[in-house]
Amino acid sequence: MLYSRSVAKINGVSARQILDSRGRPTVEAVVSLSDGALGVVSVPSGASVGKNEALELRDKDMNKYGGHGVTKAVENVNSIIAPRLVNTDPFNQKALDDLLIELDGTDNKSRLGANATLAVSVATAKAAAASLKLPLYRYIGGVASREMPVPLVNVINGGLHADNGLDFQEFMIMPIGASTFSDALRMCAEVFLSLKEILKSNKLSTNTGDEGGFAPNLESNDRVFCILLEAIEKAGYKPSIDFALALDVAASTFYDGKIYKFSGSSMSSAEMVSYYEELVKKYPIISIEDGIAEDDLAGWKELTVRLGKKVQLVGDDLFVTNPRLIKDFSERGLANAVLIKPNQIGTLSETIEAIRLASMSNFNSIVSHRSGDTEDPFIAHIAVALNCGQIKTGSMSRSERMAKYNELLRIEEDLCGTAILRSVKIGRH
């Protein structure tokens, strides 16, 4: 992303505190250029957080927003970042992000806050794209950007994302039989609606969790899988052919350092892997995210050895979108796919580098939202720009989730028939 022929410079950088989908404050940044181009970006926030994520700076003033305010991060943009960026080149993203990293001066963005640096980083890219009259995905990725992502749609919420008895955080459907993104989205919406009818007919709650999926009180994971298969068939589709299932276990949330405790059971790492093997035999599950806790590296190794050729094993808390960790753990044979959350690392350039390193290791990359999100659709552009092939951005409800899906529909239309939707490859390829 180096467009040297433009003469526009950054002439304004500012930030404000707005609210995310959970009613908690987050950062919105505004970057303006000398030619009148403008970039406005707001950043998300997670509930299930990896311990190695870049720091999301919060005020910790318990008298306001329960300590979740971000006025310090906003002030860092307005008083520290803005003066250094005014009159600089907005088209050299790497140089701009390197400056943000230098201004912060820490390993985890703890001085300025990753919420501050990411907002400014992506807002600058958005302003630069506007200056060149390009969509953001085209500005970031160039002419080769045309692969639409297969959506992993979260239809049942559990864990930290819902107030029900399910320990696993997300139960997702993947429209593996779709030929276009618009078809994929339609198929998912139809299954989502049929699932709602099934839950109602069983007198189960159709209230939704943080990410828009239903949050019924179900007695077991097996019950969830059976209901999902019923919903797929009720919508007129075939499990394993039209749809597969995916999980976000978020195993770190029920791991005590030695044992996994969930659903009234206690399991070792080896027993967890055996449990997943049984699930994969019984149900069309092709993707498991954070099936092992981030600190249980031996467990990750065993999971990868035993299931890595059959199932997409996604590291979220394990990698936290950190290029160094992706390189290290991929070389050690842990996982076979990386979840990409830009706010875990704090700049657009580092996000791009994380995806590049994943690709070099023959890992899939899945671009992801966070449970506390905004209506900003920039991750949709990142997914297409870098031909990631998969996106995880919630369910078929809540407008902050639908904003990403609707933006992908616009991008597919903008590609004028050149867009492709590839099948999901499993394992290192």
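Each Cβ is built from the backbone N, Cα and C atoms, and glycine gets one as well.
According to Swiss-Prot, the protein carries these features:
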{"type": "BINDING", "residues": "Gln169, Lys341, Arg370, Ser371, Lys392", "note": "(2R)-2-phosphoglycerate binding site"}
{"type": "ACT_SITE", "residues": "Glu211", "note": "active site, proton donor"}
{"type": "BINDING", "residues": "Asp248, Glu289, Asp316", "note": "Mg(2+) binding site"}
{"type": "ACT_SITE", "residues": "Lys341", "note": "active site, proton acceptor"}
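Sequence features annotated in Swiss-Prot and their locations in the structure.
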{"residue": "Gln169", "record": "(2R)-2-phosphoglycerate binding site", "Cβ within 10 Å": "28"}
{"residue": "Glu211", "record": "active site, proton donor", "Cβ within 10 Å": "31"}
{"residue": "Asp248", "record": "Mg(2+) binding site", "Cβ within 10 Å": "28"}
{"residue": "Glu289", "record": "Mg(2+) binding site", "Cβ within 10 Å": "28"}
{"residue": "Asp316", "record": "Mg(2+) binding site", "Cβ within 10 Å": "30"}
{"residue": "Lys341", "record": "(2R)-2-phosphoglycerate binding site", "Cβ within 10 Å": "25"}
{"residue": "Arg370", "record": "(2R)-2-phosphoglycerate binding site", "Cβ within 10 Å": "27"}
{"residue": "Ser371", "record": "(2R)-2-phosphoglycerate binding site", "Cβ within 10 Å": "25"}
{"residue": "Lys392", "record": "(2R)-2-phosphoglycerate binding site", "Cβ within 10 Å": "30"}
Nearest recorded site to Gln169 ((2R)-2-phosphoglycerate binding site) by CA-CA distance, among recorded positions Glu211, Asp248, Glu289, Asp316: Asp248
For Ser371 ((2R)-2-phosphoglycerate binding site), the three-state class that DSSP assigns: coil
Spatial neighbours of the residue listed as 'active site, proton donor', counting only the binding-site residues Asp248, Glu289, Asp316, Lys341 and Cα distances within 10 Å: none
Env. residues of Mg(2+) site, Cβ within 8 Å of mean position of Asp248, Glu289, Asp316 Cβ: Gln169, Glu170, Leu247, Val249, Ala250, Ile288, Asp290, Val314, Asp317, Leu339, Lys392
Where Asp248 (Mg(2+) binding site) falls in three-state DSSP terms: strand
Which binding-site residues sit within 10 Å of Lys341 ((2R)-2-phosphoglycerate binding site) - Cα, from Asp248, Glu289, Asp316: Asp316
Rounded inter-Cα distance in Å - Arg370 ((2R)-2-phosphoglycerate binding site), Glu289 (Mg(2+) binding site): 14
